[in-house]
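A.B. asks: I am attaching a structure below and will ask some questions about it afterwards.
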Amino acid sequence: MKTLTLNPIAKVAGEVHLPGSKSISNRVLLLAALAEGTTFITNLLDSDDVKHMLNALTALGVSYKLSACRTKCEVHGLGGLFNHPHALTMFLGNAGTAMRPLTAALAASKVDITLTGEPRMYERPIGHLVDALRQLNAEISYLDNDGFPPLRIHGKALSGGKMQIDGSISSQFLTAVLMVAPLLDGDSEIDIIGELVSKPYIDITLALMQRFGVSVTHHDYKTFSIAGNQLYKSPGHWLVEGDASSASYFLAAAAIKGGSIKVTGIGKHAVQGDIHFADALAAMGADVAWGDDYIMVTRNQLNGIDRDYNAIPDAAMTIATTALFAKGPTVIRNVYNWRVKETDRLAAMATELRKVGAEVEEGHDYLKIVPPAQLKHASIATYNDHRMAMCFSLVALSDTPVTIEDPDCTAKTFPGYFDTFARLAL
Ligand SMILES: O=C(O)C1=C[C@@H](OP(=O)(O)O)[C@@H](O)[C@H](O)C1
Ligand SMILES: C=C(OP(=O)(O)O)C(=O)O
């Protein structure tokens, strides 16, 4: 297996122009495909998750032109749902932002489709979404284990109506239903069962739908109303914000061993909840400056903090390795759904943090991290989880090297991550 050893880095500083947001790239591609008109997308993310969405659109007959650098894309919208005459099988890797929204859109389209993915995708639940769509009479069956992909979808025109969606495991199920609801025949009313997780991702969905001409009303993320029989309308040009989750590694590096690092492509008005990772760093003691199109962090003494990170589950992983450099313990709370992402992230984080010397308590939905006096060199297993690889690069900001196993797994969202990280070392 390929490994990458990072030598100790004494200081970091510089500027990073962020690659486009994964969450926005895959949403915009799907909305642009369904919309009336042409959408000219710039700063599209070039990564595995986005390739899976693009490949799906190709298979479904959507016409688009991708630039040679793969960060510009002109999408010719269908002006409605998909319609494909032949049965298809589509491989969606481990991309939640492709699998979940496409399941809903395809269930309401005239298609006969099998959705497959990587082995880990078959362990990531999708039952709450399928249950919701079945309330509209969608025909979806499980090909292997109940509640998990692979799925067979006999798509057909669906009417909107009343639905209940369990929101306690993933917000992506609600995102999926919200995006298809305006295209259904008749209005939809959604009741959320349980407490909705990862709420800021719903704000991304609603903001993007709004830019495509569709409004949704909701009451405190508990009930959602969407008028049916609508069409999405292309907004014309679309600049994808920088990826706020990807920004977290650079901002944390500055907080630990800056110098200052400025990330550009996101700023104080960004739609992604993960920009609030910078607030968590500030609460730990880092100096944070915000602009319209940048966030800049400068090193200061970091102290451990105890917080609920349900709203920013991806960036919260970066807090776990930043905690190795803080004074006192750090507690990351209310992140049960880490267990159903690229790997069981609570277990993986606990195991790998212990390898570098931290004392870790792994709860059902939390992690308590007590930093060691001295970090140890370790070979870090990454579990085919891009964020494990990127988070543990921060260990090199000590006087100990760190070895990252399978560093190429960052391709899911950030293929050039280690080159960009290395450029910041002084
Ligand atoms: O909607 C999205 O773009 C995402 C929502 C989050 O998932 P959950 O809602 O499952 O927490 C996040 O972890 C994922 O990386 C992207
Ligand atoms: C959970 C993640 O991905 P997905 O979109 O596949 O859910 C992630 O990127 O951390």
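Including glycine, each Cβ sits where the backbone N, Cα and C put it.
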A.B. asks: Among Asp146, Asp220, Asp314, indicate the single residue that TrEMBL lists for the 3-phosphoshikimate site containing Lys22, Ser23, Arg27, Ser170, Ser171, Gln172, Ser198, Asn337, Lys341.
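C.D. replies: For 3-phosphoshikimate, TrEMBL names Lys22, Ser23, Arg27, Ser170, Ser171, Gln172, Ser198, Asn337, Lys341; of Asp146, Asp220, Asp314, the listed one is Asp314.
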A.B. asks: Note the mean pLDDT of the domain 'Enolpyruvate transferase' (7-420), expressed as a whole number.
C.D. replies: 98
A.B. asks: Checking the binding-site residues Lys22, Arg124, Ser171: which ones have Cβ within under 6 Å of ligand 1?
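C.D. replies: What lies within reach of ligand 1, judged by Cβ under 6 Å, is Ser171.
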A.B. asks: Would you mind checking how many other C-beta atoms are within 10 angstroms of the C-beta on Arg124 (phosphoenolpyruvate binding site)?
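C.D. replies: So the Cβ neighbour count for Arg124 (phosphoenolpyruvate binding site) comes to 20.
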A.B. asks: Using all protein chains in view, find how many other C-beta atoms are within 10 Å of the C-beta of Asn337 (3-phosphoshikimate binding site).
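C.D. replies: Excluding its own Cβ, Asn337 (3-phosphoshikimate binding site) sees 19 Cβ atoms within 10 Å.
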